[in-house]
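Structure record follows, encoded as structure tokens.
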Amino acid sequence: MRGISHPTSGAVGEFFSKRLSMTMKLAVYFLTTGLTLLTLPCGSFTEVPSKPSGTVTVLPPVHPAGGPQAFPNAEKSDLPVFAMNYSRIQVPFEITLWVLLASFAKIGFHIYHKVTFWVPESCLLISIGLMVGAIMHAVHEEPPSVLSYNIFFLYILPPMVLDSGYFMPTRPFFENIGTVLWFAVVGTLWNSIGVGMSLYGVCQIGALEVQDINLQENLLFASIISAVDPVAVLNVFEDVSVNEQLYIVVFGESLFSDAVTVVLYNMFTFVAEMPVVETVDVFLGVAKFFVVGLGGLAFGLVFGFVASFTTRFTSNVREIEPLFIFMYSYLAYLVAELFNISSIMAIVTCALTMKYYVEENVTQRSCTTIRHVVKMLSSISETLIFFFLGVVTITTEHEWNWGYILFTLLFAFLWRGLGILVLTQIINPFRTIPFNFKDQFMLGYSGLRGAVTFALVFTLPDHIVRKKLFVTATICIILFTVFIQGISIRPLVEFINVRRTNRNLDTINVEVHSRLMEHAIAGIEDICGQWGHYYWKDKFMKFNNQILRKILIKDNQAESSIVALYKKLELQNAMEILDTVSEGTSTAPSVISLRKEKGPGKPKRKFVAADLRKMHDILSKNMYKIRQQTTEYTTKHSLPNDSHTKEILIRRHGTIRRSLRLRSFQSPTLSGGGYPSAPRSRIGQPSRSSSRVSLPLRRLDTLTEVSSSAGVDLVDERSGGRGRAGGRGKSRLNSSSSDSRVPAPPCHFDSSEVFHGNRDSMPEQEEPLSLSVTWAEEPSDHDDSSTQNPLLRRPRWNPVKPKNP
Amino acid sequence: MSSRTNRWRKTVSLEQINNLNKRFRQLSSNKETLSREDLASIPDLDNNPIRLQIINAFFDKRNLSQSEVGIVQEIGFEEFLMVLTHFQPAAMDITEDNREKLRRTKLRFLFNMHDTDGNGIITLEEYRQAVEELLSKAGTIAPETVKAIADAAMLDVASTTRGKMEPDEFYEGITFEHFLQILKTLDIETTMHVRFLNLDTANMRCGK
């Protein structure tokens, strides 16, 4: 559940809320199902909503036999006091109900964690759909036929693709771009053609009664079922933190295979109508493929750059900043559709380009809004599709043909497995880190089919004779892969013990040395005259820094990732200090504290409210911008867990430190009594708790500086979530301004594109406090105007030393 | 020829070595040996923040053989290759032992880049120098920040490797063993390598 909980809720409250939500959920199910059923007799929906039929009728004016009359003699009817006009609202109403129903279902699933752990959400959605479908079937009703070709392609698909594109982890993607495209494009082609040909061969067997399916239709069907949608698998991968390469290849493959499938679908639909296919057509097809792909790329880039440029000037219209993002990406999609080029490529490229620049230009709130909305829209789309799939499974007429369907399943798996093997063999020599057999198996096993496949087959043009058979076969394969592979992937991953990424905490050393290594490699490549990966990356970064950033980003301040990481670590340290000293504080009613008060054994940490207010006053006058960059992640069903916080950029002002130092010296001591005496010996102590307690007041400088009240949008969505285990308080500073929320202890911090943080080195961050005494000879550090390094803060506490600002 | 070069030679083809030879000749203007100025005149290296250290690495005796310390003024093709062996990729079927050895070799290269005075320890000054160079191309950085970063990094090493230290103890510097320890999360044996192509790109570029 969310991180906000009522202070008084105890176990009993939780028990009741659980029961209550279960009952409520059931009640809502029945209610909505009932309402849905009620709507059905009102007729199926057409794309154009029918005109409202009021209960008041006005007859045309009747001219009496006499002269002209001023007013028509209308028939008088009573003013309706209560009228029901369902057909007018039918469409939006039904859609809303469905989405609401599915969302309730999701709430329900998450009550039982075990369920979502083992069973992927797509399975659950399909199951709900199946249930609703069964109910509908029992009362002999038809589901509203909302899914048409245009509706799917214009309204439902773009959000899903935008979601994948926007949250794609860029660095691993570009490092593995060759592999990703290889598997996606060539793999999908291989699958389509292979399965299509084999099925055509099978069709020749008379016994199966499918001889009327010609080659084009087989190819069309095969291309539809080659689109993979491994959302469930990606969730598991992320949880288990499999190695980055496998993850990104599966992720990228799903995205681009959708693109390829759509292109093939359009091509083959066109071809299926042609009586004869000539060689010329084949060549034209290949050419079209390239045009479509590259054209999509170009369009996406153009729109992405224009969008970034626009956001440079939006500082005065902050409320509609997210709108630009959505409008531009949707526009990219539509314009690509206009020219019949790959709209998926366009929108993905647009999102990728935009993300980097826009997130620097736009305020933190807009950033968050964008992310939320993208997730929401894609969630709606996916929900609708899977739900619909469940319903359609029960309610349509199926054409069952054992042979064809079984062969479809067989060939799909066979060709995918074969494809992966062959393709990996070819591409492994070109890879830095080759794929071993376990990786390949996982890759093959993640070929789940999903939403796109279903939608494509459902919206096949009706002139395809065996459409029903295709629909049945597709539903079979989707159900099979989603349920069986989706559920079994988790134990399999553990069992096979796939190579995992090191998700250890990034320390400064690791960061410095990896940068060093990258530069060294680039240098060697230059010396040897090679054009390697790092050569291009270097060139691009140079271009980026010199030209692109200047144009597209306002207020350009290029910052090295090392410096950013350092500042972030400093911030983390500072916030942790803040956290320890303000444990147990409740300054204002809206302070939210999840952790219970520790026992009386804890040393005194009285922090007077007046101090807090004073600090907030100071900080509110100064400008801080702490920004979180996009966390990449894949699940369509949840937002990034902000315990995986990425880079945080901080802008400081030197003056603040000085002024704060002055004030903090004058405020009452932080941790009561014996503190000023012999801090050195204290610091040398081993136990963590003591080093926390005996914090010199000076350390407050850093923490208060960075935890500003105004202008800081440290939004912490999942603060109550996992990972923030005991030992860290959840207290928050409050201030009068509404948007200040210092998040709870920053547990997991890592630099970009690392998935999880490791908490173990947090203690190590504490140690520097104690070790600072060893750096004896550093007088140059000790000047007032420079920024003091909190990690090296010396425990020299001199209460009488005035600091002149 | 050292055994390392031998091992590496098994993983590269004759063509690649020929290409490297051509490149060597090109860089050294057809002389037998390569000097610093030859390497320093490569235009692409200008953008590299650690170019001096990379160039020095070629002339560092520690990279050329295990035991000696010091700097040479000129290197021949053999030595050129020997430095490049540090960047060989890890073969797919590499054993654990060899992997560890490869890792040590590569980390040793990085270590030597830091340890400019050759005493086997990276002191604070040397580390600061390294960080400053690394950040020199990344826009204007305040010198205090550089110092602070280097200090923080040293502290991190000290705390990881030495644990608790008495208030009067002094941490001299990072030894190679400590270096190995702090960088054990870095997958260096797979990521630090240059793929030498069969394609002769030496002549494809205009100028050196």
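Cβ atoms are placed via backbone N, Cα and C, with glycine included.
Where the annotation comes from TrEMBL, it is an automatic prediction and has not been curated.
Listed in TrEMBL for this protein:
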type	residues	note
TRANSMEM	A:26-46	transmembrane segment
TRANSMEM	A:95-112	transmembrane segment
DOMAIN	A:100-494	domain 'Cation/H+ exchanger transmembrane'
TRANSMEM	A:124-140	transmembrane segment
TRANSMEM	A:146-168	transmembrane segment
TRANSMEM	A:180-202	transmembrane segment
TRANSMEM	A:246-268	transmembrane segment
TRANSMEM	A:289-310	transmembrane segment
TRANSMEM	A:330-352	transmembrane segment
TRANSMEM	A:373-396	transmembrane segment
TRANSMEM	A:402-423	transmembrane segment
TRANSMEM	A:443-464	transmembrane segment
TRANSMEM	A:470-493	transmembrane segment
DOMAIN	A:587-670	domain 'Sodium/hydrogen exchanger regulatory region'
REGION	A:660-696	region 'Disordered'
COMPBIAS	A:686-696	compositional bias 'Low complexity'
REGION	A:711-805	region 'Disordered'
COMPBIAS	A:732-741	compositional bias 'Low complexity'
COMPBIAS	A:750-762	compositional bias 'Basic and acidic residues'
Practice task
For the domain 'Sodium/hydrogen exchanger regulatory region' (A:587-670), would you mind checking the mean pLDDT of the predicted model?
Solution key: 43
Fill in the blank from the handout: Maximum Cβ pairs under 8 Å to the transmembrane segment (A:402-423) among A:124-140, A:146-168, A:180-202, A:246-268, A:373-396 is reached by A:180-202
Completion exercise
Counting Cβ pairs closer than 8 Å to the transmembrane segment (A:330-352), the top stretch among A:146-168, A:180-202, A:373-396, A:443-464, A:470-493 is A:146-168
Problem - Distal contacts, the transmembrane segment (A:443-464) - CB-CB under 8 A, six or more residues away - result: 122, 147-149, 152, 156-157, 160, 183, 217, 220-221, 224-225, 227-234, 246, 249-250, 258, 261-262, 265, 269, 272-273, 381-382, 385-386, 388-389, 392, 412-413, 416-417, 420-421, 424, 435, 470-471, 474-475, 477-478, 481-482, 485-486, 489, 492
Problem - Surrounding residues of the transmembrane segment (A:180-202) on its own chain - C-beta under 8 Å, 6+ positions past either end - result: 173, 208, 210, 213-215, 218-223, 225-227, 248-249, 252-253, 255-257, 259-261, 264, 293, 403-404, 407-408, 411-412, 415-416, 418-420, 422-423, 427, 443
